[in-house]
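Novice: Starting off with a structure, shown below.
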Amino acid sequence: MDALVEDDICILNHEKAHKRDTVTPVSIYSGDESVASHFALVTAYEDIKKRLKDSEKENSLLKKRIRFLEEKLIARFDEETSSVGREQVNKAYHAYREVCIDRDNLKSKLDKMNKDNSESLKVLNEQLQSKEVELLQPRTEVETQQVMRNLNPPSSNWEVEKLSCDLKIHGLEQELELMRKECSDLKIELQKAKQTDPYQEDNLKSRDLQKLSISSDNMQHAYWELKREMSNLHLVTQVQAELLRKLKTSTAIKKACAPVGCSEDLGRDSTKLHLMNFTATYTRHPPVSPNGKALCHTASSPLPGDVKVLSEKAILQSWTDNERSIPNDGTCFQEHSSYGRNSLEDNSWVFPSPPKSSETAFGETKTKTLPLPNLPPLHYLDQHNQNCLYKN
């Protein structure tokens, strides 16, 4: 618009210059033509000048309106931007504040939970320690009971073993009776054969001798089985009585003696018993002190249990001494060398195995009849079994 205003000014100034020039015009044209052209130019100039003024007014109005609109638009834009920014800032601030509050709450809850967990863990540890201490006592009691049970088996096992041994002894006694009956029947048949037919006497003698040798072998085997069972039963009862006596004495002097030494003596004595197929061996050693030396006991009066044990040992020894040798067709059967000695002083019993057929001449044919061995009476075996049961 300034350029247009300047153009208008230039036009007006140019018009003024033309007016100055037209003061003293030189009449080129003549007469009416010059006047008409001059009048047309003046009217055109006036018209153009009026248009320029109108356009300048419109221009100024438009400029004002544009400035007003620009200011209005800028104010509106500032208001919009300021309101949006404030709202966003407010929202962000509120969100940050809420997050901070949540963080503080969670932190306080976490601290509280950690504190509760530490306290509960401490309480649980104390309870666990107390329970472990409570469990240690019954565990030690159970272990001691197991050790005592291993050292001293229950009486029910001994009773079962004794019953089984009694049944075996009864069966062997019945077999022995049957063998005796067969032997007597064979003797009767032999006498009848001698009276009836002297020609067949030799054949019958050989057959009878073979039968008698077999029957005597079976009878002797049954006798030695019975003897072995009796000796094993006697030895088991003796060891049990000794163990019970030691337990009684150990409980009586429990405060004066250490329990470890007593248990070791019982374990050592219980391990010295060996029951085998044909022999039974028991060896007792003197107790060992904690220093490794054998303890010396002063002479004292024997207990009632010892008197019973010695009396039964004397009975069994006399019985075995009477049965040391079994005559068989003129030959004597020699037992084990350690069987005849006095074994009550050194506390060791060794029973020999039954004789074999190769050691004695059972299969030889002889003209003489075989005498029966001197077997112990049955009432003595019953009495010995009763004594063992009473002792147990």
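Glycine too: its Cβ is placed from the backbone N, Cα and C atoms.
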Novice: Do you know which of 282-302, 345-365 Swiss-Prot annotates as region 'Disordered'?
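Specialist: Residues 345-365 are the ones Swiss-Prot records as region 'Disordered'.
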Novice: When you get a sec, could you say which of 166-196, 197-227 is annotated coiled coil by Swiss-Prot?
Specialist: 166-196
